[in-house]
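S.K.: Feature list, courtesy of TrEMBL:
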- 21-113: domain 'Ig-like' (DOMAIN)
- 146-254: domain 'Ig-like' (DOMAIN)
- 263-360: domain 'Ig-like' (DOMAIN)
- 391-520: domain 'Ig-like' (DOMAIN)
- 673-798: domain 'Ig-like' (DOMAIN)
- 816-837: transmembrane segment (TRANSMEM)
Amino acid sequence: LAFCRGRIVRVPKGPLIRVVGTEVVIPCSVSDYDGPSEQNFDWEFSRETDFLRIVSTWDSTFTSEEYQKRVGRGDIKLRRSSNDAVELVIRNIQPADQGRYKCSTPSTDATVQGNYDAEVQVKVISDGLSVSGSKGRSSTPLRLSEGDSFRLRCSAITTSPEHTHLHVTWQIKSGSAWRDVLSLTHEGKFQPGPGYEERYRNGDIRLDTGANDTYRLSVSQASSADGGNYRCLVSEWVRGADGSWQRIQEKSVEIASVSIQRTDVVISTSNVSVTERDSLDLTCNITTDRSGIFQAEVMWYFSASPDDALSDAQLLLSMDRDSVVSDSTLISLSHVDRNSYRLLVRDVDVEDSGYYFCEAAIWVPLHNGSWHKVVERMSAPVSVMVTALEPDYDVFLNASKTPKFSDDPTELNCRITNAQDTEANLRFTVSWYYRQRLRSDDVVTDELLATMDADWTLLLGDRSRQRIQNGEIIFSKKSVDTFSLRIQWTSESDRGDYFCVISAWSRHRNNSWVKSKDVTSAPVNIFWATQDYTLTVEAVKLKPFFVAGHTFEMTCKVSSKNIKTPRYSVLITAEKPLTDQSNPNGTTRIISLNQDSVVRLEDWTDQTRVDGVVLEKVQENEFRYRMYQTQISDAGLYRCVVTAWSPGGGGMWREAVNGLSNPIQIDFQTSGPVFNVSVHSDSPTIYQGEVADLLCIITMEGMALEPDDMSFDVSWFAVRSFALDREPILLASLDRRGIVTQSRRNGSSDISLERISPLEFRLRVHGCEDHDFGNHYCVVTPWVRSATGVWQRETDIRAKPIFVSVKMDVLNAFKYPLLIGIGLATVIGLLSCLIGYCSSRWCCKKEVQETRRERRRLMSMEMD
């Protein structure tokens, strides 16, 4: 292949058949060459043997004298298509140009290989193609109506001596350019133009051949797009020597000028406004110049929006081409004249407001007696506004009940007055609104309380939803023209302006209700003057002097102002001295009596005197407190805490104001003994697991008492911190009857509490742990028997705490872990040695055979 490679010059395979007077283009190309990319070409012509030089791309003097004029006029020229290809163009070819044409390329190769020229035979034949319109007319004007059919004819014949085929194309020109409609190709195939494929498949556009070499274009269902100039374009084709088809000439003739009269559908009136209960009259006009027999089919539609599609619109009435109208009670459709159709809607309603449009289709008869739809159009929508008949009425709002105090009822009545033009198809509903009144100029929006819809269903607003559901606000209809709003218990937040809106609803033909009018009442202000609540409480001690063991009695008298029908709840409190450890805060709640006269013990914890305190209601504003068998520990300041309550919503009571009485003091003058308490330990620092001994020692000063005349309640507490900043924890207690009570413990240590002498109590912590550290102290409550034999409780005495620290015994803590570790290490070491010995003895033993050597003695030299 490398040796065979060389320059190749190519021209079309001949002969090339061309028609006299046409333009001939002969291409020539070169490939597989060396040298510059742009190659030069020389063209020569020969009728018999000698070649005449025609034209060259590189030598302007190359042209022979015979061709200089034609080359100078441009009738013969070279047109370069690429660096390695040119075209010889001969315009208006004549029979004298028939012959052989040779294309040659000057060599630019390093070696001469391949061919440097190529020849092609050109044959010139006479023009035998003729194209004409029907009856010899070049152009015929046609005026048609939309939907009509038309046919155009042209004749094309050829007398060429060669075997040629014709290519016929019908074209239309509606603007500045020609567009293909339908073609019959030279290969005998039908080819529709762009945009005509669907109509060709439906049979609306056809191309038929007839006698005398005629070609007929048939167009059905003509539209406005089919208007324009039509021509018949015929080209003649011949099959070349290489088997491809070549077009040798082309002719055209204009056949007709077609104009299509558009059919329009128009509603005679534009925007319409009618009053409710009147009639709506609309006329649909069909504009067409069709003079033959035709029938129209008309349909009226209604839509709420002008942009709705036909599928979303509502069909009102229709009339087919036989003038048969669909049935309707309130709507009628009549044929006024040949092209006009009237729609009449009687007794219109507000819901009839919207957009109306009509759709018309024109039908024409065919030869077989059937009807054919030729055109269908829809009118532009017409806006129809139906004005509702508004009823005439007034609204009056008044307050039948107004509050004077909080929680009083409020009732408002909204009444319809001066109602005119009301009928059976009208009903009224109400909406209630609240507006807060402000002293400044701030704009306050109206808040909806409740509203009714057309079927009198109550819809609640956000402001009053919960209160309405609880029954605190009631909406009702007292009569046909009166609506009521009742607030059962009016609060201060309800003060403001109230107004109602009466809505009139009209019933339409489909039994639906549509709001036609709203009338707002004048606002009614709900307001009452408020004054601050006043509550005064006075405590009085009935017995000015008494001693321990007697009954303490005091009364509390209450007076109030600006409180409607008040009730009182009373709480008795006592402020004990700071030395009393039972209540570190200093105030004790003893007993209470609520507004319903229910008595309750609060912080009274003396189980032996459960019935020792009594609180009772003497009068509506007077209460009496008694304390039986008073103890010395009862000393302190006593007060009455009174709360005034007023009736609230739903039978509930609302707290109005609180009051505190003057203090009443209980003070016992005694010359009895004085007790002191201290805590002692011989060893406050101990090790874990040992026993901690703590002694609570009571000392007595002043008058001496017999051991049987005194008794003690002892309680031990611990604070698990160094700085006493945590809550104390009760460890154990021993009451004066000798009963020991222990608190629940989480650790393994245990506690015992015992009395070792009349004035000494010992606490033992067995098996101390690290969490048993902290400050420990005891609280002692002395009980002394008086001369009358009554046991009197003294105030609680708290001892100064002592800190107990628990240490860890390092030797004992590490003794057992060390012994266990040494033992395990020894056992593991011996086991490792045993495993190694056994492995080396039996498992990993390897026998080695040694070569046996003979043991011979050296011989002496003499023997050798």
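Yeah, the Cβs are placed from backbone N, Cα and C, and that goes for glycine too.
Tell me about the setting of these features in this model.
M.R.: Counting residue by residue with DSSP, the domain 'Ig-like' (21-113) contains 12 helix, 37 strand, 44 coil.
For the domain 'Ig-like' (263-360), the number of residues in each DSSP class (helix H, G, I; strand E, B; coil) is 3 helix, 52 strand, 43 coil.
Each residue in the domain 'Ig-like' (673-798) gets a DSSP state, and the totals come to 6 helix, 71 strand, 49 coil.
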S.K.: Would you kindly list the residues that approach the transmembrane segment (816-837) from elsewhere in its chain, counting only those six or more residues past its ends and only Cβ-Cβ distances under 8 Å?
M.R.: none
S.K.: Between the domain 'Ig-like' (263-360) and the stretches 21-113, 146-254, 391-520, work out which stretch tops the count of Cβ pairs under 8 Å.
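M.R.: Between the stretches 21-113, 146-254, 391-520, 391-520 has the largest tally.
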